[in-house]
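> Copying in the features that Swiss-Prot gives for the protein in this structure:
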- Thr10, Ala11, Gly12, Asn124, Arg161, Ser195, Gln291: UDP-N-acetyl-alpha-D-glucosamine binding site (BINDING)
Amino acid sequence: MHVVLAGGGTAGHIEPALALADALRRQDPTVGITALGTERGLETRLVPERGYELALIPAVPLPRKPTPELITVPGRLRGTIKAAEQILERTKADCVVGFGGYVALPGYLAAKRLGVPIVIHEANARPGLANKIGSRYAARVARLHAGQQRARRPLHRHPVRRSIATLDRAAVRPEARARFGLDPNLPTLLVSGGSQGARRLNEVVQQVAPWLQQAGIQILHAVGPKNELPQVQQMPGMPPYIPVSYLDRMDLAYAAADMMLCRAGAMTVAELSAVGLPAAYVPLPIGNGEQRLNAQPVVKAGGGLLVDDAELTPEWVQQTVLPVLADPHRLYEMSRAAGEFGRRDADELLVGMVYEAIASRR
């Protein structure tokens, strides 16, 4: 059996694909796995690091909204679809599993031409263009938000890597805090804007950090690899403020933290819910509003806070986040609510859908 994964560009598309790859290999160590990608995406680093084959195709970014540029997409896609077809034929693919983004659409269209079954994992409350098109031809579609009004806990969740799905935050916390140079006992705020960072979050946190430190809060802050690290002078007797470019071990970062300030990408919401880490979610103010919808269910369940990007200020952090970090009982209740909302076996559920799709072809 050979499965081709289509989801590249950002960690939000790549990590769930790799979580599925790991789950497939646990079930059948002989399964062949190839990930489609482009030379401009994070997959060029993340996929080989995890030991999987990466096959590159030309990048054809898709407009988020209808624009004049949309008219040119079909012509530019032809060569990319042909390249994807050649990869499916070379690998004798039994299934294409897509996670959205501009890498996924050529994979879907190539699979349709060749009669290869398609499984789509839609992480966002509002699907993007690639998954909207691909779902017309898919044998199975895993939707995180279908039936949201009827069920507090939808059937499908976002596959998360095994190191996070099996994480015991309390047991790992001493090791995690030591690794990052944090105090073993102080309340800890983790800040990250995702794999690329977020300038707005960075600016606000750098401004509010002295007030948080004076209140006894320590901070672990991933600013993003493309952003400059702030110059920090650690004051004797004050809780540490630790800025880093990128966190390669998010499992340890989650274990070290009591709360997180972050964007509301589907992967982030899923990982935090899976490990029971409460968060203050700041949805990205562009796109089609999917990040706000991603976070709303866990926030309504009591596992997080929600603030618009324009409303995120140092004063908001002081007035809203600081009281939570200073209240162990409230942190416990929010952690419990997030953990009850989350799901740790989404990768195995998706493996089942892959096998169903392949069986339906035979």
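In case you wondered, yes, glycine gets a Cβ from its N, Cα and C as well.
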> Which one of the binding-site residues (Thr10, Asn124) has its C-beta surrounded by the most other C-beta atoms within 10 angstroms?
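Ranked by Cβ atoms within 10 Å, first place goes to Asn124.
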> These are the binding-site residues: Ala11, Gly12, Arg161, Gln291. Which one scores highest on other Cβ atoms within 10 Å?
Gln291
